[in-house]
Amino acid sequence: MAAAKHFTYVILGGGVAAGYAAREFAKQGVKPGELAIISKESVAPYERPALSKGYLFPQNAARLPGFHTCVGSGGERLLPEWYSEKGIELILSTEIVKADLASKTLTSSADATFTYDTLLIATGSSVIKLTDFGVQGAEANDILYLRDIEDADKLVAAMQAKKDGKAVIVGGGYIGLELSAALKTNNFDVTMVYPEPWCMPRLFTSGLAAFYEGYYANKGIHIIKGTVAVGFDADANGDVTAVKLKNGNVLEADIVIVGVGGRPLTHLFKGQVAEEKGGIKTDAFFETSVPGVYAIADVAAFPMKLYNEIRRVEHVDHARKSAEQAVKAIKAKEAGESVPEYDYLPYFYSRSFDLSWQFYGDNVGEDVLFGDNDPTAAKPKFGSYWIKDGKVVGVFLEGGSAEENQVIAKVARAQPPVADVEALKKEGLDFAAKV
């Protein structure tokens with residue numbers, strides 16, 4: 001076996017967080033040969049949200065190298081050449097199958113070994129597949145998932161092969177809503193199926209969801225709620241032809257896209273680090289219970305200062321910010337200095353069709369819907385406040401300008417008191433503007 005390759009710093013994972021961590025290391029003056037990124041993917045880190053949005057456009061679709069990190073936040077695009085110039089080693093198409101934190105050694109599926117002084121775990125999440133639950137027929141062709149660029153390429157190929165066909169989207173969350181819009185824009189006949197009483201149940205109230213379901217229905221998307229896919233039919237070639245639902249219905253399908261959630265990829269570290277909330281427990285600097293080992297983005301269960309509790313956040317904004325925080329903390333520690341604790345304000349957003357919403361804060365407590373949430377409105381603009389213990393703790397806004405979105409973020413952070421809920425409903429966005 002070849003000798004282990006040693007690096008001062010290793011980032012394990014090649015997603016959004018890896019790209020932002022590499023940029024921060026470069027800013028902090030990392031020396032050539034000190035840093036490596038080890039990734040299962042075959043390309044340099046890229047902005048993952050593009051896969052469910054621009055990548056699927058019928059015209060002028062986004063393609064690499066156009067959306068390598070860090071363009072998603074208005075930063076420099078880090079092409080593979082950038083890593084070479086900085087002396088950062090990109091070790092791609094490499095799957096790590098064993099991590100021994102005691103000996104600071106990583107082993108790949110090809111039996112290559114890598115050692116490090118400091119490790120950043122940025123392994124992200126894997127998609128939950130219907131085959132994991134033994135759903136009958138779930139291994140048929142053109143039952144697709146979306147997590148990485150390889151998945152996106154399979155989806156694009158299927159869309160071209162099954163042009164103007166029937167698409168069934170299983171799941172009513174982020175991926176379900178964004179991909180239903182993408183497939184409809186590509187002239188597919190689209191049906192969404194999900195078990196919950198409304199879409200995006202982890203964030204949306206029934207009032208918010210009613211707008212999006214109405215809007216999608218007006219676009220010709222069929223929505224079937226309160227049931228799940230229990231089986232699939234395929235033709236002699238193994239291509240999917242139908243989706244069988246628990247309620248007895250059978251839907252014709254040329255393509256099925258499944259978006260039923262993800263699981264943080266922490267299995268390599270089981271029994272070696274403290275865990276919480278399904279992730280790897282860290283402090284406010286993203287250091288784990290093992291000194292010199294950090295966990296960022298999807299896998300980190302970190303102290304959310306604003307709400308005084310440990311949380312895990314699966315979102316690109318947190319992936320970027322946690323990566324930067326961890327690298328700053330690593331370099332500060334080496335210099336005998338300190339950095340402020342991570343103080344994250346939860347943020348989610350989505351764009352589909354002509355719609356664009358943003359949410360900041362916490363969606364707990366009483367919700368107060370404001371504005372016009374008529375799905376037939378030419379330019380819909382509405383939102384919701386969440387009130388807990390007499391204070392605004394979360395704000396959602398559809399159709400906001402950049403300035404208005406900044407205002408709602410400020411409100412979610414400031415948590416102003418609310419004396420009169422009815423007055424708040426009438427004031428709507430004006431309340432936020434006064435904070």
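Here the Cβ of each residue, glycine as well, is placed from N, Cα and C on the backbone.
In three-state terms derived from DSSP, LYS53 (FAD binding site) belongs to neither a helical nor a strand segment and is classed as coil. Residues annotated as FAD binding site in Swiss-Prot: GLY14, GLY15, VAL16, ALA17, GLU41, ARG48, LYS53, ILE96, ARG147, ASP148, ASP298, VAL316, TYR349.
Around the Cβ of TYR349 (FAD binding site), 15 further Cβ atoms fall within 10 Å across all displayed protein chains. Residues annotated as NAD(+) binding site in Swiss-Prot, with similarity to another entry given as evidence: GLY172, GLY173, TYR174, ILE175, GLY176, LEU177, GLU178, GLU196, ARG202, GLY261, GLU314, HIS315, TYR349.
Around GLY261 (NADP(+) binding site), the C-beta neighbours below 8 angstroms that are at least 6 residues distant in the chain are VAL127, ILE128, GLY171, GLY173. Residues annotated as NADP(+) binding site in Swiss-Prot, with similarity to another entry given as evidence: TYR174, ILE175, GLY176, LEU177, GLU178, ARG202, GLY261, GLU314, HIS315, TYR349.
Swiss-Prot lists ARG320, ARG351 with the feature L-ascorbate binding site. Around the Cβ of ARG320 (L-ascorbate binding site), the number of neighbouring Cβ atoms within 10 Å comes to 25. Following the DSSP three-state reduction, the secondary structure of ARG320 (L-ascorbate binding site) is helix.
Checked against ASP298 (FAD binding site), the binding-site residues TYR174, GLY176, GLU178, HIS315 differ in C-alpha distance, with HIS315 being the nearest.
DSSP assigns GLU178 (NAD(+) binding site) to a helix in the three-state reduction. In the three-state DSSP scheme, ARG202 (NAD(+) binding site) falls into the coil class. For the binding site of NAD(+), formed by GLY172, GLY173, TYR174, ILE175, GLY176, LEU177, GLU178, GLU196, ARG202, GLY261, GLU314, HIS315, TYR349 according to the record, the largest Cα to Cα distance is 22 Å, rounded to a whole number. In three-state terms derived from DSSP, ARG351 (L-ascorbate binding site) belongs to an extended strand segment. Note: the Cα of HIS315 (NADP(+) binding site) and the Cα of ARG147 (FAD binding site) are spaced 13 Å from each other.
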